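The structure appears right after this line, and notes come after that.
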Amino acid sequence: MPLETLDDATLDGAAVAVRVDVNSPLTADGALADDARLQAHHDTLAELTDRGARVAVLAHQGRPGGDQFSQLRPHAERFDELLDVPVSYLDATYNQQARDTVEALEPGEAVVLENTRFYSEEYMELDPAVAGGTHLVEGLVPVLDYYVNDAFAAAHRSQPSLVGFQQHLPSYMGRVMEEEISVLGNVDETPRPRVYLLGGAKVSDSVDVAWDVLESGMADQVLTTGVVGNVFLLADGVDIGDASSDFIYDQGYWDQIDRAADLLDAHGDRVRFPQDVAVERDGERHELGLNALPSADGEAAMDVGSETIRLYRSVLESAETVILNGPAGVFEDDLFGRGTRELYAAASEASYSIVGGGDTAAAIRKFDLTGFDHLSTGGGACLRMLTDGDLPAVEALRNAPTVREA
Ligand SMILES: Nc1ncnc2c1ncn2[C@@H]1O[C@H](COP(=O)(O)OP(=O)(O)O)[C@@H](O)[C@H]1O
Ligand SMILES: O=C(OP(=O)(O)O)[C@H](O)COP(=O)(O)O
(Lines of atoms letter the chains of each structure in order from A and count residues from 1; the text may use other names and numbers.)
(Lines give C-alpha, C1' and ligand atoms only; values in the text may rest on other atoms or scores of the structure.)
(Ligands and ions follow the chains in the order given, each with its own letter.)
Protein backbone atom coordinates (compact mmCIF):
# COMPACT_ATOMS: atom_id res chain seq x y z
CA MET A 1 0.00 0.00 0.00
CA PRO A 2 1.33 3.48 -0.80
CA LEU A 3 1.87 5.73 2.19
CA GLU A 4 -0.78 8.41 2.50
CA THR A 5 0.12 12.01 3.27
CA LEU A 6 -1.92 14.88 4.70
CA ASP A 7 -2.84 15.71 1.08
CA ASP A 8 -5.02 12.58 1.16
CA ALA A 9 -6.88 13.48 4.39
CA THR A 10 -10.17 15.32 4.89
CA LEU A 11 -9.42 17.09 8.13
CA ASP A 12 -12.13 19.68 8.74
CA GLY A 13 -13.75 18.92 12.10
CA ALA A 14 -11.96 15.58 12.39
CA ALA A 15 -10.43 14.42 15.67
CA VAL A 16 -6.83 13.55 14.90
CA ALA A 17 -4.17 12.01 17.14
CA VAL A 18 -0.76 13.14 15.93
CA ARG A 19 2.32 11.35 17.27
CA VAL A 20 5.32 13.68 17.30
CA ASP A 21 8.86 13.22 18.62
CA VAL A 22 9.68 16.13 20.91
CA ASN A 23 12.10 14.14 23.08
CA SER A 24 14.52 16.94 23.96
CA PRO A 25 17.36 17.76 26.33
CA LEU A 26 16.03 19.30 29.57
CA THR A 27 17.75 21.65 31.99
CA ALA A 28 18.27 20.61 35.63
CA ASP A 29 14.99 22.35 36.55
CA GLY A 30 13.04 20.55 33.84
CA ALA A 31 12.79 23.30 31.20
CA LEU A 32 13.45 22.61 27.51
CA ALA A 33 17.15 23.16 26.79
CA ASP A 34 16.56 22.92 23.03
CA ASP A 35 13.33 23.20 21.05
CA ALA A 36 14.63 22.09 17.63
CA ARG A 37 12.40 19.01 17.53
CA LEU A 38 9.32 21.07 18.45
CA GLN A 39 10.12 23.56 15.70
CA ALA A 40 10.45 20.69 13.23
CA HIS A 41 6.81 19.68 13.86
CA HIS A 42 5.48 23.23 13.53
CA ASP A 43 4.36 22.88 9.92
CA THR A 44 2.48 19.62 10.50
CA LEU A 45 0.64 20.96 13.55
CA ALA A 46 -0.07 24.30 11.89
CA GLU A 47 -1.47 22.54 8.83
CA LEU A 48 -3.69 20.26 10.92
CA THR A 49 -5.14 23.14 12.92
CA ASP A 50 -5.40 25.48 9.89
CA ARG A 51 -7.38 22.80 8.08
CA GLY A 52 -9.82 22.57 11.00
CA ALA A 53 -8.69 19.36 12.70
CA ARG A 54 -9.21 18.85 16.44
CA VAL A 55 -5.73 17.79 17.43
CA ALA A 56 -4.54 15.50 20.25
CA VAL A 57 -0.74 15.48 20.38
CA LEU A 58 0.96 12.30 21.60
CA ALA A 59 4.65 12.16 22.47
CA HIS A 60 7.25 10.77 24.84
CA GLN A 61 10.03 12.46 26.79
CA GLY A 62 12.99 10.46 28.12
CA ARG A 63 13.04 6.88 29.28
CA PRO A 64 11.47 5.45 32.46
CA GLY A 65 13.91 5.86 35.34
CA GLY A 66 16.10 8.33 33.45
CA ASP A 67 16.77 11.94 34.45
CA GLN A 68 15.11 13.21 31.24
CA PHE A 69 11.84 11.39 31.97
CA SER A 70 9.26 14.10 32.60
CA GLN A 71 5.82 15.56 32.02
CA LEU A 72 5.06 17.27 28.71
CA ARG A 73 3.89 20.58 30.21
CA PRO A 74 6.99 22.50 29.00
CA HIS A 75 6.52 21.06 25.52
CA ALA A 76 2.84 22.08 25.46
CA GLU A 77 3.70 25.61 26.62
CA ARG A 78 6.34 25.93 23.90
CA PHE A 79 3.89 24.69 21.23
CA ASP A 80 1.41 27.26 22.50
CA GLU A 81 4.03 29.96 21.81
CA LEU A 82 5.10 28.55 18.43
CA LEU A 83 1.61 28.02 16.96
CA ASP A 84 -1.02 30.65 16.18
CA VAL A 85 -3.77 28.58 17.82
CA PRO A 86 -4.27 27.72 21.50
CA VAL A 87 -2.43 24.60 22.65
CA SER A 88 -3.36 23.23 26.06
CA TYR A 89 -1.79 20.54 28.21
CA LEU A 90 -3.52 17.66 29.98
CA ASP A 91 -1.80 15.43 32.54
CA ALA A 92 -3.67 12.36 31.30
CA THR A 93 -3.25 10.27 28.17
CA TYR A 94 -6.08 7.81 27.60
CA ASN A 95 -8.49 7.88 30.56
CA GLN A 96 -12.03 9.33 30.61
CA GLN A 97 -10.66 12.83 31.25
CA ALA A 98 -8.44 12.52 28.16
CA ARG A 99 -11.37 11.30 26.05
CA ASP A 100 -13.61 14.11 27.31
CA THR A 101 -10.91 16.69 26.56
CA VAL A 102 -10.38 15.42 23.01
CA GLU A 103 -14.14 15.31 22.38
CA ALA A 104 -14.50 18.90 23.60
CA LEU A 105 -11.81 20.28 21.26
CA GLU A 106 -13.08 22.84 18.75
CA PRO A 107 -11.81 22.72 15.14
CA GLY A 108 -8.34 24.30 15.08
CA GLU A 109 -7.61 23.59 18.76
CA ALA A 110 -4.89 21.30 20.07
CA VAL A 111 -4.09 19.55 23.35
CA VAL A 112 -0.82 17.90 24.30
CA LEU A 113 -1.61 14.71 26.23
CA GLU A 114 0.74 13.35 28.89
CA ASN A 115 4.01 11.52 28.20
CA THR A 116 3.01 8.21 26.61
CA ARG A 117 5.86 6.45 28.43
CA PHE A 118 4.17 7.09 31.79
CA TYR A 119 2.29 3.89 30.90
CA SER A 120 4.29 0.67 31.08
CA GLU A 121 2.88 -0.84 27.87
CA GLU A 122 4.27 2.05 25.88
CA TYR A 123 7.84 1.20 26.73
CA MET A 124 7.56 -2.30 25.24
CA GLU A 125 8.42 -3.36 21.72
CA LEU A 126 5.17 -5.01 20.63
CA ASP A 127 3.87 -6.67 17.53
CA PRO A 128 1.62 -4.04 15.87
CA ALA A 129 -1.50 -6.20 16.33
CA VAL A 130 -0.78 -6.47 20.06
CA ALA A 131 0.03 -2.77 20.25
CA GLY A 132 -3.41 -2.13 18.74
CA GLY A 133 -5.01 -3.79 21.78
CA THR A 134 -3.19 -1.83 24.48
CA HIS A 135 -4.97 0.41 26.98
CA LEU A 136 -3.50 3.55 25.45
CA VAL A 137 -4.72 2.76 21.94
CA GLU A 138 -8.09 1.26 22.89
CA GLY A 139 -8.68 4.11 25.33
CA LEU A 140 -8.33 6.83 22.72
CA VAL A 141 -9.56 5.24 19.49
CA PRO A 142 -13.30 5.77 20.31
CA VAL A 143 -12.88 9.57 20.24
CA LEU A 144 -10.61 9.72 17.16
CA ASP A 145 -11.22 9.83 13.42
CA TYR A 146 -7.62 9.65 12.16
CA TYR A 147 -4.06 9.02 13.23
CA VAL A 148 -1.07 10.98 11.91
CA ASN A 149 2.48 9.83 12.54
CA ASP A 150 5.07 12.59 12.31
CA ALA A 151 7.51 11.03 14.80
CA PHE A 152 10.21 9.92 12.40
CA ALA A 153 12.86 10.04 15.14
CA ALA A 154 11.00 7.31 17.05
CA ALA A 155 9.77 5.35 14.01
CA HIS A 156 12.28 2.55 14.66
CA ARG A 157 10.37 1.69 17.85
CA SER A 158 7.43 -0.72 17.70
CA GLN A 159 5.61 0.87 20.63
CA PRO A 160 1.81 1.33 20.97
CA SER A 161 1.62 5.05 20.20
CA LEU A 162 3.80 4.47 17.12
CA VAL A 163 2.30 1.29 15.60
CA GLY A 164 -0.99 0.62 17.44
CA PHE A 165 -3.39 3.29 16.16
CA GLN A 166 -2.75 2.22 12.56
CA GLN A 167 -4.56 -1.04 13.40
CA HIS A 168 -7.85 0.85 13.81
CA LEU A 169 -7.78 4.23 12.10
CA PRO A 170 -7.10 5.63 8.64
CA SER A 171 -3.54 6.89 9.10
CA TYR A 172 -1.28 9.43 7.42
CA MET A 173 2.32 10.59 7.47
CA GLY A 174 2.87 14.06 8.84
CA ARG A 175 5.10 16.47 6.91
CA VAL A 176 8.28 15.62 8.88
CA MET A 177 7.78 11.90 8.28
CA GLU A 178 7.03 12.50 4.60
CA GLU A 179 10.21 14.53 4.03
CA GLU A 180 12.43 12.09 5.96
CA ILE A 181 11.12 9.06 4.09
CA SER A 182 11.45 10.78 0.75
CA VAL A 183 15.11 11.77 1.38
CA LEU A 184 16.42 8.80 3.36
CA GLY A 185 14.50 6.29 1.26
CA ASN A 186 16.24 7.51 -1.89
CA VAL A 187 19.87 7.76 -0.83
CA ASP A 188 20.79 5.30 -3.60
CA GLU A 189 19.94 8.00 -6.14
CA THR A 190 22.40 10.59 -4.76
CA PRO A 191 25.53 11.40 -6.79
CA ARG A 192 28.87 9.61 -6.42
CA PRO A 193 31.46 9.41 -5.01
CA ARG A 194 29.36 8.85 -1.86
CA VAL A 195 31.14 9.07 1.50
CA TYR A 196 29.77 8.05 4.91
CA LEU A 197 31.27 9.92 7.88
CA LEU A 198 30.34 7.83 10.92
CA GLY A 199 31.16 8.91 14.47
CA GLY A 200 29.48 9.40 17.82
CA ALA A 201 28.77 6.77 20.41
CA LYS A 202 26.10 4.42 18.93
CA VAL A 203 28.76 1.94 17.91
CA SER A 204 26.69 -1.09 16.95
CA ASP A 205 24.29 0.98 14.82
CA SER A 206 27.23 2.60 13.03
CA VAL A 207 29.01 -0.71 12.46
CA ASP A 208 25.71 -2.06 11.04
CA VAL A 209 25.53 0.88 8.65
CA ALA A 210 29.18 0.48 7.63
CA TRP A 211 28.68 -3.21 6.88
CA ASP A 212 25.48 -2.61 4.96
CA VAL A 213 26.69 0.26 2.77
CA LEU A 214 30.03 -1.40 1.97
CA GLU A 215 28.52 -4.79 1.15
CA SER A 216 25.76 -3.27 -0.98
CA GLY A 217 28.18 -0.96 -2.80
CA MET A 218 26.26 2.12 -1.60
CA ALA A 219 29.44 3.64 -0.11
CA ASP A 220 32.60 4.58 -1.92
CA GLN A 221 34.33 5.40 1.36
CA VAL A 222 33.49 5.10 5.06
CA LEU A 223 35.36 7.46 7.40
CA THR A 224 35.16 6.60 11.09
CA THR A 225 35.53 9.02 14.00
CA GLY A 226 34.36 9.36 17.62
CA VAL A 227 33.90 6.21 19.69
CA VAL A 228 33.23 4.37 16.41
CA GLY A 229 36.73 5.37 15.22
CA ASN A 230 38.21 4.16 18.51
CA VAL A 231 36.57 0.77 17.95
CA PHE A 232 38.12 0.54 14.48
CA LEU A 233 41.51 1.42 15.97
CA LEU A 234 41.15 -1.47 18.41
CA ALA A 235 40.01 -3.68 15.52
CA ASP A 236 43.24 -2.79 13.70
CA GLY A 237 45.25 -3.84 16.77
CA VAL A 238 46.04 -0.34 18.07
CA ASP A 239 46.17 -0.17 21.87
CA ILE A 240 44.22 3.03 22.53
CA GLY A 241 44.72 2.81 26.30
CA ASP A 242 42.57 1.71 29.20
CA ALA A 243 40.44 4.85 29.50
CA SER A 244 39.05 4.61 25.96
CA SER A 245 38.91 0.79 25.94
CA ASP A 246 37.08 0.68 29.27
CA PHE A 247 34.51 3.17 27.95
CA ILE A 248 33.80 0.87 24.98
CA TYR A 249 33.58 -2.14 27.26
CA ASP A 250 31.29 -0.34 29.76
CA GLN A 251 28.92 0.67 26.95
CA GLY A 252 28.61 -3.00 25.95
CA TYR A 253 30.37 -2.58 22.60
CA TRP A 254 33.26 -5.01 23.09
CA ASP A 255 31.81 -7.47 20.55
CA GLN A 256 31.81 -4.74 17.92
CA ILE A 257 35.61 -4.85 17.74
CA ASP A 258 35.51 -8.25 16.02
CA ARG A 259 32.80 -7.06 13.63
CA ALA A 260 34.91 -4.02 12.80
CA ALA A 261 37.99 -6.25 12.28
CA ASP A 262 35.99 -8.48 9.89
CA LEU A 263 34.87 -5.36 8.03
CA LEU A 264 38.47 -4.20 7.67
CA ASP A 265 39.38 -7.64 6.27
CA ALA A 266 36.51 -7.59 3.79
CA HIS A 267 36.49 -3.91 2.74
CA GLY A 268 39.62 -2.33 4.26
CA ASP A 269 40.36 -0.43 1.04
CA ARG A 270 37.19 1.64 1.56
CA VAL A 271 37.24 2.12 5.35
CA ARG A 272 39.41 4.70 7.12
CA PHE A 273 40.09 5.04 10.81
CA PRO A 274 41.88 7.83 12.71
CA GLN A 275 45.62 8.26 12.28
CA ASP A 276 45.99 10.40 15.40
CA VAL A 277 43.85 11.37 18.39
CA ALA A 278 43.47 14.25 20.82
CA VAL A 279 43.64 13.85 24.61
CA GLU A 280 43.58 16.30 27.50
CA ARG A 281 46.96 16.92 29.11
CA ASP A 282 47.55 19.61 31.75
CA GLY A 283 44.21 21.16 30.83
CA GLU A 284 45.19 21.55 27.16
CA ARG A 285 44.42 19.68 23.94
CA HIS A 286 47.33 17.38 23.16
CA GLU A 287 47.59 15.26 20.01
CA LEU A 288 49.14 11.81 19.77
CA GLY A 289 50.02 9.81 16.66
CA LEU A 290 49.18 6.12 16.66
CA ASN A 291 52.79 5.22 17.48
CA ALA A 292 52.47 7.27 20.71
CA LEU A 293 49.55 5.12 21.89
CA PRO A 294 48.76 3.98 24.49
CA SER A 295 49.49 7.28 26.13
CA ALA A 296 51.80 6.87 29.13
CA ASP A 297 49.43 8.99 31.22
CA GLY A 298 46.40 6.89 30.27
CA GLU A 299 44.30 9.75 28.87
CA ALA A 300 41.21 8.93 26.81
CA ALA A 301 41.06 9.63 23.04
CA MET A 302 38.43 12.38 22.92
CA ASP A 303 38.75 13.69 19.36
CA VAL A 304 40.49 12.92 16.09
CA GLY A 305 43.81 14.71 15.55
CA SER A 306 45.06 17.17 12.88
CA GLU A 307 46.50 14.53 10.55
CA THR A 308 43.20 12.63 10.51
CA ILE A 309 41.31 15.86 9.88
CA ARG A 310 43.63 16.63 6.94
CA LEU A 311 43.25 13.13 5.43
CA TYR A 312 39.48 13.00 5.88
CA ARG A 313 39.05 16.52 4.51
CA SER A 314 40.73 15.48 1.29
CA VAL A 315 38.29 12.56 0.92
CA LEU A 316 35.30 14.80 1.77
CA GLU A 317 36.43 17.44 -0.70
CA SER A 318 36.25 14.96 -3.57
CA ALA A 319 32.86 13.56 -2.48
CA GLU A 320 29.64 14.46 -4.30
CA THR A 321 27.43 13.07 -1.53
CA VAL A 322 28.27 12.98 2.17
CA ILE A 323 26.11 11.14 4.70
CA LEU A 324 27.06 12.10 8.19
CA ASN A 325 26.08 10.72 11.58
CA GLY A 326 27.67 11.25 14.98
CA PRO A 327 30.20 13.79 16.25
CA ALA A 328 33.94 13.19 15.63
CA GLY A 329 34.78 13.85 19.27
CA VAL A 330 33.45 15.10 22.59
CA PHE A 331 32.43 18.34 20.89
CA GLU A 332 30.61 19.56 24.02
CA ASP A 333 34.09 20.21 25.50
CA ASP A 334 35.82 23.12 23.74
CA LEU A 335 39.11 21.21 23.72
CA PHE A 336 37.59 18.50 21.57
CA GLY A 337 35.29 20.28 19.13
CA ARG A 338 37.82 20.75 16.39
CA GLY A 339 37.45 17.42 14.54
CA THR A 340 33.67 17.75 14.45
CA ARG A 341 33.74 21.42 13.41
CA GLU A 342 36.28 21.00 10.61
CA LEU A 343 35.00 17.72 9.20
CA TYR A 344 31.37 18.87 9.27
CA ALA A 345 32.40 22.12 7.55
CA ALA A 346 34.08 20.08 4.80
CA ALA A 347 31.02 17.80 4.52
CA SER A 348 28.71 20.81 4.11
CA GLU A 349 30.60 21.74 0.92
CA ALA A 350 29.60 18.52 -0.89
CA SER A 351 27.04 18.81 -3.70
CA TYR A 352 24.61 16.85 -1.55
CA SER A 353 24.76 16.23 2.18
CA ILE A 354 22.52 14.35 4.61
CA VAL A 355 22.93 14.65 8.37
CA GLY A 356 21.34 12.48 11.07
CA GLY A 357 21.43 12.46 14.86
CA GLY A 358 20.35 14.61 17.78
CA ASP A 359 23.87 15.30 19.03
CA THR A 360 25.08 15.76 15.49
CA ALA A 361 22.44 18.44 14.94
CA ALA A 362 23.38 20.03 18.28
CA ALA A 363 27.02 20.19 17.11
CA ILE A 364 25.95 21.82 13.84
CA ARG A 365 24.04 24.46 15.78
CA LYS A 366 26.90 24.96 18.24
CA PHE A 367 29.38 25.60 15.41
CA ASP A 368 26.88 27.65 13.36
CA LEU A 369 27.38 25.45 10.31
CA THR A 370 25.05 25.78 7.32
CA GLY A 371 24.83 24.33 3.82
CA PHE A 372 23.54 20.84 4.56
CA ASP A 373 20.77 19.61 2.26
CA HIS A 374 18.87 17.44 4.73
CA LEU A 375 19.05 17.59 8.51
CA SER A 376 17.28 14.49 9.78
CA THR A 377 15.36 14.78 13.04
CA GLY A 378 16.36 11.20 13.90
CA GLY A 379 19.50 9.54 15.19
CA GLY A 380 18.80 5.82 15.61
CA ALA A 381 15.85 6.01 13.19
CA CYS A 382 18.02 7.66 10.54
CA LEU A 383 20.73 4.99 10.89
CA ARG A 384 18.12 2.21 10.77
CA MET A 385 16.51 3.73 7.70
CA LEU A 386 19.89 3.87 5.98
CA THR A 387 20.26 0.12 6.44
CA ASP A 388 16.97 -1.73 6.86
CA GLY A 389 14.69 0.51 4.83
CA ASP A 390 11.15 0.44 6.23
CA LEU A 391 10.79 1.21 9.94
CA PRO A 392 8.08 -0.44 12.11
CA ALA A 393 6.00 2.73 12.41
CA VAL A 394 6.16 3.30 8.66
CA GLU A 395 5.33 -0.31 7.91
CA ALA A 396 2.26 0.04 10.18
CA LEU A 397 1.17 3.15 8.25
CA ARG A 398 1.38 1.14 5.03
CA ASN A 399 -0.96 -1.48 6.52
CA ALA A 400 -3.50 0.93 8.05
CA PRO A 401 -7.15 0.75 6.95
CA THR A 402 -8.24 3.23 4.31
CA VAL A 403 -11.07 5.68 4.99
CA ARG A 404 -13.50 3.35 3.20
CA GLU A 405 -12.43 0.25 5.18
CA ALA A 406 -12.45 1.94 8.63
N1 LIG B 1 36.00 9.94 21.40
C2 LIG B 1 34.86 10.00 22.10
N3 LIG B 1 34.81 9.54 23.37
C4 LIG B 1 33.65 9.60 24.09
N5 LIG B 1 32.50 10.12 23.62
C6 LIG B 1 32.51 10.60 22.36
C7 LIG B 1 33.67 10.57 21.53
N8 LIG B 1 33.36 11.11 20.35
C9 LIG B 1 32.06 11.47 20.42
N10 LIG B 1 31.55 11.17 21.62
C11 LIG B 1 30.20 11.44 22.14
O12 LIG B 1 29.23 10.88 21.31
C13 LIG B 1 27.98 11.48 21.65
C14 LIG B 1 27.06 11.53 20.47
O15 LIG B 1 26.91 10.25 19.90
P16 LIG B 1 25.54 9.74 19.23
O17 LIG B 1 24.48 9.67 20.27
O18 LIG B 1 25.90 8.49 18.50
O19 LIG B 1 25.20 10.92 18.20
P20 LIG B 1 23.80 11.31 17.58
O21 LIG B 1 22.88 11.74 18.71
O22 LIG B 1 24.11 12.45 16.68
O23 LIG B 1 23.28 10.08 16.86
C24 LIG B 1 28.32 12.89 22.13
O25 LIG B 1 27.78 13.05 23.43
C26 LIG B 1 29.86 12.92 22.13
O27 LIG B 1 30.41 13.55 23.29
O1 LIG C 1 15.66 10.69 20.68
C2 LIG C 1 15.34 9.66 20.08
O3 LIG C 1 16.20 8.88 19.39
P4 LIG C 1 17.74 9.30 19.03
O5 LIG C 1 18.49 9.54 20.33
O6 LIG C 1 18.24 8.09 18.29
O7 LIG C 1 17.68 10.53 18.15
C8 LIG C 1 13.91 9.23 19.99
O9 LIG C 1 13.06 10.10 20.71
C10 LIG C 1 13.72 7.79 20.44
O11 LIG C 1 13.95 7.73 21.83
P12 LIG C 1 14.37 6.32 22.48
O13 LIG C 1 15.75 5.97 21.92
O14 LIG C 1 14.37 6.57 23.98
O15 LIG C 1 13.32 5.30 22.06
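For all residues, glycine too, the Cβ spot is worked out from N, Cα and C.
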(request) Please pick, from Arg99, Arg157, Arg175, Arg192, the residue that TrEMBL records in the substrate site together with Asp21, Val22, Asn23, Arg37, His60, Gln61, Gly62, Arg63, Arg117. (result) Arg157
(message) Suppose a student reads TrEMBL and sees Gly357, Gly358, Asp359, Thr360 listed for ATP. Which of Glu320, Glu332, Glu395 should they find annotated at that same site?
(response) Glu332
(message) Checking the spread of the (2R)-3-phosphoglycerate site as listed (Arg37, Arg117, Arg157): what is the longest Cα-Cα distance, in whole Å?
(response) 18
(message) Quick check: with Asp21, Val22, Asn23, Arg37, His60, Gln61, Gly62, Arg63, Arg117, Arg157 left out, which same-chain residues have Cβ atoms within 8 Å of the centroid of the substrate site Cβ atoms?
(response) Ala59, Asn115, Ala154
(message) Spatially, which candidate from the binding-site residues Arg157, Glu332, Gly358, Thr360 is nearest to Asn23 (substrate binding site), comparing Cα atoms?
(response) Gly358
(message) Same chain, not part of Glu332, Gly357, Gly358, Asp359, Thr360: whose C-beta falls within 8 angstroms of the C-beta centre of the ATP site? Give them in sequence order.
(response) Gly200, Gly326, Pro327, Ala361, Ala362, Ala363, Gly379
(request) Give the number of CB atoms, excluding that of Gly62 (substrate binding site) itself, located within 10 Å of its CB. (result) 16
